[in-house]
Amino acid sequence: MGRRDAQLLAALLVLGLCALAGSEKPSPCQCSRLSPHNRTNCGFPGITSDQCFDNGCCFDSSVTGVPWCFHPLPKQESDQCVMEVSDRRNCGYPGISPEECASRKCCFSNFIFEVPWCFFPKSVEDCHY
């Protein structure tokens, strides 16, 4: 087997594994609430929106100079809670429990330090692909 054949076989193997993995399409809020300058590339030059979404990524070609296929914001319990950490408005106090936060009808996520863990939700009216 020549070098070119090995490269082709490797490319087909990677594509096959990607197809088997099958990712869930992100929600509109996971895509549209991410600032263009914070996008992390998730595709290759010339990728289509369908290919991008099939990989579990977001697609938006309306802004030049930034990736069009990009990784989404992390999934939350509710789309109202999907936002960049810089957009969080505090709804609690240091050490608040998830239960107390929920009783205030707020969102809770304690994965990132030095940002509000209990924060106000946002309307999903502004979310779009």
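Each Cβ is built from the backbone N, Cα and C atoms, and glycine gets one as well.
Given the structure is predicted, the values throughout are model-derived calculations rather than measurements.
For Cys69, the disulfide partner named by Swiss-Prot from the candidate list Cys52, Cys91, Cys101 is Cys52. As annotated in Swiss-Prot, Cys58 shares a disulfide bond with Cys31, one of the listed residues Cys29, Cys31, Cys81. Candidates considered were Cys42, Cys106, Cys107, Cys118; Swiss-Prot assigns the disulfide partner of Cys81 as Cys107. The cysteine that Swiss-Prot pairs with Cys42 in a disulfide, picked from Cys29, Cys57, is Cys57. Checking Cys91, Cys127 against Swiss-Prot, the residue bonded to Cys106 by a disulphide is Cys91. In this structure, Cys127 (disulfide bond) belongs to neither helix nor strand by DSSP; it is coil. A mean pLDDT of 97 is what the model gives for the domain 'P-type 1' (29-73).
All protein chains shown were included, and the count of other CB atoms within 10 Å of the CB of Cys52 (disulfide bond) stands at 23. The disulfide-bonded residues examined here are Cys31, Cys57, Cys69, Cys81, Cys118; by Cβ neighbour count within 10 Å, the least packed of them is Cys81.
Across the domain 'P-type 2' (79-122), DSSP classifies residues as 12 helix, 5 strand, 27 coil.
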